[in-house]
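Here the structure is laid out as C-alpha cells; the discussion comes afterwards.
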Amino acid sequence: MATIIYDDETTFDALKDRTIAVMGYGSQGHAHARNLHESGLNVIVGLRQGSSSWAKAESDGLKVMTVDDASRAADVIMILLPDEKQAAVYYSQIEPNLKAGDALVFAHGFNIHYNQIVPPKDVDVFMVAPKGPGHIVRRTYTEGIGVPGLIAVYQDATGKARDLALSYAKGIGATRAGVYETTFREETETDLFGEQVDLCGGLSALIKTAFEVLVEAGYQPEMAYFETCHEVKLIVDLIYEGGLERMWHSVSNTAEYGGMTVGPRVINEYSREAMYEALERIQNGEFAKEFVLEGMVNHPVLKAMERQEKEHQLEVVGKQIRANIPWLNKKIDDD
C-alpha cells in the first residue's frame, strides 16, 4: 500500500529560502504559481517572450520572466509545459542555467522516465502531481481544502529532494487531502494506461460505438446521444463520490441487473487482452517512441484523427442538443 502524508506532517522549511520558477501559466501553471505565492513562498513565472499569458500572470500579482531568465534566477524549477515541448525548452533554456544543488520538478514523469530529458547528476529531480485539473487545484486551495497529489523522487543529489517535494505539495494545497508516494515509472505508466484504455481512449470508443449501434438499428440520433453520451456524467459523478458501490446502489434494479450481466460481455477477455497489449507498449517504450516521432513531424496523425472526431455524427448531434441547454453552455464558458 502507498505511503500517505498529510498537512500536519509537513512544513515549508525546505523551500523557505528558495526561489521557485513555474514554467508555464496554463491550467496547472496558474494554479501552482498562485497557490505557492499565497502560501508565502518566493515564486516567479517563466514564459516565452510575447506569451499571451504574460499580462495575466502579472495581473495576478506574480513576477514574470522569460524561461531563460527565470531558470537563471530560480533554484527550484517546475516544468509545466506540454510533454512534447518540454525537452526542447529544457535543453535550450533551462539546462544551461542549472547549478549544482538546483531542483527540477515535474508534474508527470513522461520525459524523465523515457529519457527525453536527462538531467545532470548534481541536481535534485522530483515530481509533485496533483490529481485534478488546474482550476480545481486552485479553487479547492482557496476554499481551504485541496486535491490529493503524488510525489516521487527520481534523483536526490542534495539529500533534500523528498523534503522539497513535500514542501512544494504543501504549497499547492495537496497535503490537505493527502499526498501518495510513488515512483516516476509507476506514475508515468499508470497515467498513460488510464488515459488510453479507460479515461480517454476506452471511454470515448465505448460511447461512440454504442451511439453508432443505436443509430444503425434505426433509433433517432438524439435519443442515442442522450442514452450513450449525455448521461455518462450522471453515472461518473456517482462513482466519483462513492465508488462503483454508490453507483450500483443509486441506479434502478433494472439498470443494475442489466449492467452487471451485460457489461462483462461487452468488456470481455478480448478487451482485457487488448489492455495488456496497450500496457506492454507503454512499459517497453513503444508508445513513447511513437508519440515523440509523431511530434517531430507536427502531429499529422493526431490532427487527422481530431478532424474525424469533429465530423462524427455524435459530435454534430451533441452540439445541437447542448445548444438547447443554456445553463450547460454557461458552465463550459465559466470553466
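The backbone N, Cα and C atoms fix where each Cβ goes, glycine too.
Mean per-residue pLDDT, taken over the domain 'KARI N-terminal Rossmann' (1-182), amounts to 97. Summarising the annotation, Swiss-Prot assigns domain 'KARI N-terminal Rossmann' to 1-182 and lists sequence analysis as the type of evidence.
Gln86 (NADP(+) binding site) carries a helical DSSP state (H, G or I). Note on Gln86 (NADP(+) binding site): other Cβ atoms within 10 Å of its Cβ, all shown chains, come to 22. Feature annotation from Swiss-Prot assigns NADP(+) binding site to Tyr25, Gly26, Ser27, Gln28, Arg48, Ser51, Ser53, Asp83, Glu84, Lys85, Gln86, Gly134.
As annotated by Swiss-Prot, active site applies to His108, with the evidence given as sequence analysis. Summarising the environment of His108 (active site), the number of other Cβ atoms within 10 Å of its Cβ, over all protein chains shown, is 20.
Among the features that Swiss-Prot reports, domain 'KARI C-terminal knotted' is placed at 183-328.
Residues or ranges marked as Mg(2+) 1 binding site in Swiss-Prot: Asp191, Glu195. Residue density at Asp191 (Mg(2+) 1 binding site): 18 other Cβ atoms are found within 10 A of its Cβ, drawing on all protein chains shown. Annotation note: Asp191 (Mg(2+) 1 binding site) sits in a helical segment as assigned by DSSP.
Sequence-distant neighbours of Glu227 (Mg(2+) 2 binding site) (same chain, 6+ residues apart, CB-CB distance under 8 A): Ala210, Leu214. As annotated by Swiss-Prot, Mg(2+) 2 binding site applies to Asp191, Glu227, Glu231, with the evidence given as sequence analysis.
Secondary structure at Ser252 (substrate binding site), as computed by DSSP, is coil. If you look up Swiss-Prot, you'll see Ser252 marked as substrate binding site, on the strength of sequence analysis.
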Near Asp191 (Mg(2+) 1 binding site) (Cα-Cα within 10 Å), the recorded positions in question, chosen from Ser27, His108, Glu231, are His108
Across Glu84, Glu195, listed as binding-site residues, the smallest other-CB tally within 10 A is for Glu195
Rounded to a whole number of Å, the separation of the Cα atoms of Glu195 (Mg(2+) 1 binding site) and Tyr25 (NADP(+) binding site) comes to 23
Same-chain residues at least 6 positions away from Ser53 (NADP(+) binding site) with a Cβ under 8 Å from its Cβ, in sequence order, are Tyr25, Gly26, Gly29, His30, Leu47
Lowest 10 Å Cβ neighbour count of the binding-site residues Ser27, Ser252 is held by Ser252
Filtered by Cβ under 8 Å and at least 6 apart in sequence, the residues in the chain of Arg48 (NADP(+) binding site) near it are Thr66, Val67
